[in-house]
Amino acid sequence: MTKVPVSHIRNFSIIAHIDHGKSTLADRLLQATGTVADREMKEQFLDTMDLERERGITIKLQAARMNYHAKDGEEYVLNLIDTPGHVDFSYEVSRSLAACEGALLVVDASQGVEAQTLANVYLALEHDLEIIPVLNKIDLPGAEPERVKEEIEEIIGLDCSGAILASAKEGIGIPEILESIVQLVPPPQDTIGEKLRALIFDSYYDSYRGVIVYFRVMDGTIAKGDRVRLMASKKEYEIDDLGVLSPTQQPVQELHAGEVGYFSAAIKAVEDARVGDTITLAKKQAQDPLPGYRSANPMVFCGLFPTDADQFPDLREALDKLKLNDAALSYEAETSSAMGFGFRCGFLGLLHMEIVQERLEREYGLDLIVTSPSVVYQVTTSKEEVILVDNPNFLPEPNLREKIEEPYVRVEMITPEEYVGTLMELGQSRRGVFKDMKYLAQGRTTLVYEIPLAEVVTDFFDQMKSRSRGYASMEYHLIGYRENPLVKLDIMINAEPVDALAIIVHRDKAYGVGRALAEKLKELIPRHQFKVPIQASIGSKVIASEHIPALRKDVLAKCYGGDISRKKKLLQKQAKGKKRMKSLGTVDVPQEAFMAVLRLD
């Protein structure tokens, strides 16, 4: 490969809400520049996981290098760094934006700006990126490019007079997009002479070569055979394969400032090459790492248990393998009296949790029971120690704790104004604090609430979508911890506490939640030969109870006529048997019961 002057490199990413056509646009750019031959082309070329294709979302980052012959007669190298659009993966988005100098802001011309797009645009503005607005899907009958331009100008404050009208599906506007990338996106700074610093924006595990790291060289040069040091994990490796992604891997000897590529160096796990880490040479180390690195902290926790206890080792192996590819996933073994052995897992958010669960079931053939998700609480004990609790069963007793603090998030919803009332009700019902409301162009409104994360992780998103008929969109970010009167709600079935059903709730909501949960469990647990009591309690005080009546076998069926004492004897024998059964009997609790906590209205 010929060496490219820095002035002829353009690094850009595409920012878009889910479903606004980002992956299709990337496909068209790859085709238009001849990077991928038409015969190799398939839909969503850069989305490699089956799950990404099915859900139509981008989960793992990808990158592609395109050679483009511009109208000014020069050859340019365009590096597209793809970003995931979902709020759970916002840290990955910020890292891939840090590797760029410009971004295409893709907005659906019929839908307008959505909350997720906003969150990512603000990230892009923080990184001082040149933003090029693109209105996609203008071939749709419902497209209103003028209205959407107004909306972008009003909400984001971007000048849209030069916005490109495009339809990725039909291939309209693609040449204009390529030209504007060359004209408007600034080239990287020429820092080839400085000490090597490169930013890792993604890494994945390959079972033959170990971890493959995707990176962007910020300063200096990197060559095959170099010994490099990762500044956050403080580990050193020798590069045995270096190359560029066009989109398939093509080896090269060296890469210099401004270029994007990959390397492998016998790294064992993705944790050792974290997203956002800085690569430098072991011999000539750079003084400071690149700014912005932070380790991904899980926000949502839940228990994963195999339905068949024999699958426990398989579950451990599957989690170990997923962890190689997913540095944000955390897990530790836990035991539950109700469910046996399993794992307590931590995730970035609900989507991340669903994806991990789905991958475990699909790729590793496991059958899982998932307990209700909880968040991390900060508990100050009576000895003035602060401990973090992610499992309701480890909450210290009331006499051993001073206070409990829970994480709060700032939730921003964008909605058509006719749904404002019902979404405000939703915010209030989730202990939300109303912060702000703005009217936007064309009858849309933003609502801002501060809500405890625990209220958001259960079914807030589903509720918001159903109340707004799917039109509202949201994004949230953590703002800190606040003290609240929280209590642990225990559920007892047949006088035995079921640890997997315990939850931490606000004291004022405990009675209602306990009542609703007991009623729900009564519907879901099948009847047994004996009466099954269900109780919800706080400490030793029972606040709600229900009974599942016993199935009654007719023992008198074969007694014709006659002797009452014979019937009495049979009935007493049955009563005795039921009594014994009640003291020894176990109650089967189906999987739906454990998920009931999620679906309390």
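Using N, Cα and C of the backbone, Cβ positions are placed for all residues, glycine too.
Listed features, source Swiss-Prot:
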DOMAIN    7-189  domain 'tr-type G'
BINDING   Asp19, His20, Gly21, Lys22, Ser23, Thr24, Asn136, Lys137, Ile138, Asp139  GTP binding site
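Feature map: annotations from Swiss-Prot on the structure.
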{"residue": "Ser23", "record": "GTP binding site", "Cβ neighbours (10 Å)": "24"}
{"residue": "Asn136", "record": "GTP binding site", "Cβ neighbours (10 Å)": "29"}
{"residue": "Ile138", "record": "GTP binding site", "Cβ neighbours (10 Å)": "20"}
